Each structure stands twice: as structure tokens, then as C-alpha cells.
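Features as listed in Swiss-Prot:
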{"type": "BINDING", "residues": "15, 174, 175, 216, 217, 218, 219, 220, 221, 222", "note": "ATP binding site"}
{"type": "BINDING", "residues": "55, 142, 154", "note": "substrate binding site"}
């Protein structure tokens with residue numbers, strides 16, 4: 001089923017989590033970004049349009065400055081994101097250029113999705129970029145996001161983007177193969193749920209874990225993202241971004257993953 005969905009989908013949103021994007025020491029994983037860009041270039045060559053939702057601005061800021069990492073003051077966090085966003089986009093631009101692909105940046109807040117004028121402007125920008133062969137790269141605008149207007153996690157941001165753009169598929173790349181009935185990092189007998197059609201029924205059967213190391217979204221936010229896009233009949237795949245060839249393996253039906261969908 002994964003292969004069928006991948007091949008039938010023309011408009012694909014791919015979300016990259018902080019844990020996927022970072023090395024163990026918190027620095028940007030350039031090998032991963034290069035592998036990602038190569039696979040996106042393949043998908044574009046197959047006639048698909050791709051939008052990337054990326055996390056990682058804060059860890060990129062910490063990596064670049066090597067300070068402030070333990071300061072919890074909001075101003076410091078936002079300053080790190082301002083520094084790191086430049087580093088992050090520079091990395092994407094450099095690696096995509098190896099494949100002849102240009103990128104465009106969109107930094108968004110919750111208000112952008114729920115204000116009619118802003119919503120329309122984002123839609124028009126996205127459609128124009130992809131129609132011209134550009135890969136849009138989206139992140140939350142952390143430097144202006146306060147509690148009242150922030151989305152809070154990029155799983156939700158990716159889900160909002162997929163519905164706004166009328167995507168055919170949302171792919172979340174995390175540091176696990178998909179949804180398990182219990183935490184695979186703690187239990188060797190954890191079983192992967194390959195297909196989920198009813199999220200409420202699934203929640204009765206699994207144990208939901210904690211937030212991850214570098215990011216703001218744990219399993220709960222990924223499940224909620226699936227719920228959001230499934231309402232619009234958009235399937236969602238949760239796969240392991242630590243597998244550098246994950247997109248190709250999904251395309252070739254060789255990867256472990258969980259797909260959420262509605263009949």
C-alpha cells in the first residue's frame with residue numbers, strides 16, 4: 001500500500017523533525033540533508049511536487065554559536081532560531097543546488113492559516129512556487145511566535161500545510177519506524193502498526209510516550225497531525241528519517257512505516 005500511495009500522489013508534503021535533522025551532538029546532519037535532497041530531486045523528476053516542512057532552527061542556532069543552549073528565556077530561544085534559520089536554509093540551498101533545484105522560504109504562524117487573506121496569500125505563493133519547479137521550505141516563524149499565535153510543533157504545521165495546499169500525501173520523518181503498540185526504545189517485543197484506519201481505536205491499543213529529545217513534538221502530535229489530514233482524506237505516512245534512503249524505500253515498498261488513512 002505504501003508504494004501505491006507514493007506513486008499515485010502528485011502533491012507531497014514532507015516534514016523533517018529536529019531529531020531526524022540533527023546528529024547526536026545536536027549539530028546539523030548534512031549527510032541526511034544531502035540524501036533527502038537527492039531523493040526529493042528524484043520525486044520531482046517523477047513529476048511530483050514537493051513541499052518541505054522543516055524543524056531545526058534552534059538546534060542550528062546552538063550549533064552555530066555554541067552558547068545560550070541552556071538559557072530558557074524566550075528572547076534567547078527566539079534569537080537562536082533567528083540565527084539558526086539562516087544556517088538551516090543555507091544548508092538546504094547548498095545541497096539542493098547539487099541537484100539543480102531552487103528553494104523558497106516561508107515562515108508562518110497560526111494566524112497565517114486562520115486569517116482568510118493570509119491563508120489565500122500562502123496558497124497562491126505555494127501554488128506559484130511549485131508550478132515553477134521550486135521546492136518551498138516552511139518553518140514556524142519562531143522569532144515572532146508568542147503563545148497566542150504560535151502553532152507549537154511542526155507536525156501540526158505540516159498538517160495545516162497539507163490541508164491548505166490540498167496535498168495528496170503527508171510524510172512525517174521522525175526517529176522511529178512508525179507507531180508501535182508500545183515504546184520500541186524500551187520494549188523489545190513492541191509491534192509496528194503498519195496501517196491505521198481508526199485513530200480512536202488505535203489509541204485504545206497503544207501506550208503514548210513522551211516528547212522527543214531536540215524537538216517539540218512527540219508521538220501525540222504526530223497522531224493529531226494524522227487526525228487533521230485524514231479529515232480531508234489525505235493519507236499520512238510516519239517513517240524513520242534516520243534511514244537516509246527512506247523516501248526511496250517507501251517508493252519501492254521496502255520500508256517499515258505506519259500509514260494513516262480513511263477508506
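Note that Cβ sites are derived from N, Cα and C of the backbone, with glycine treated the same way.
Known features from Swiss-Prot, placed on the structure.
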residue : record                 : CB count, 10 Å
15      : ATP binding site       : 30
55      : substrate binding site : 27
142     : substrate binding site : 22
154     : substrate binding site : 27
175     : ATP binding site       : 17
219     : ATP binding site       : 21
221     : ATP binding site       : 23
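When the C-alpha distances from residue 219 (ATP binding site) to the binding-site residues 55, 142, 154 are tabulated, the minimum falls on 154. Pairwise Cα distances among 55, 142, 154, which the record gives as the binders of substrate, peak at 11 Å. Taking CA atoms as the reference points, residue 175 (ATP binding site) and residue 154 (substrate binding site) are 15 Å apart.
Under the DSSP three-state reduction, residue 15 (ATP binding site) is assigned to strand. For the binding-site residues 55, 142, 154, a Cα-Cα cutoff of 10 angstroms around residue 15 (ATP binding site) retains 55, 154. Each residue contributes its Cα atom, and for residue 221 (ATP binding site) and residue 55 (substrate binding site) those atoms are 14 Å apart.
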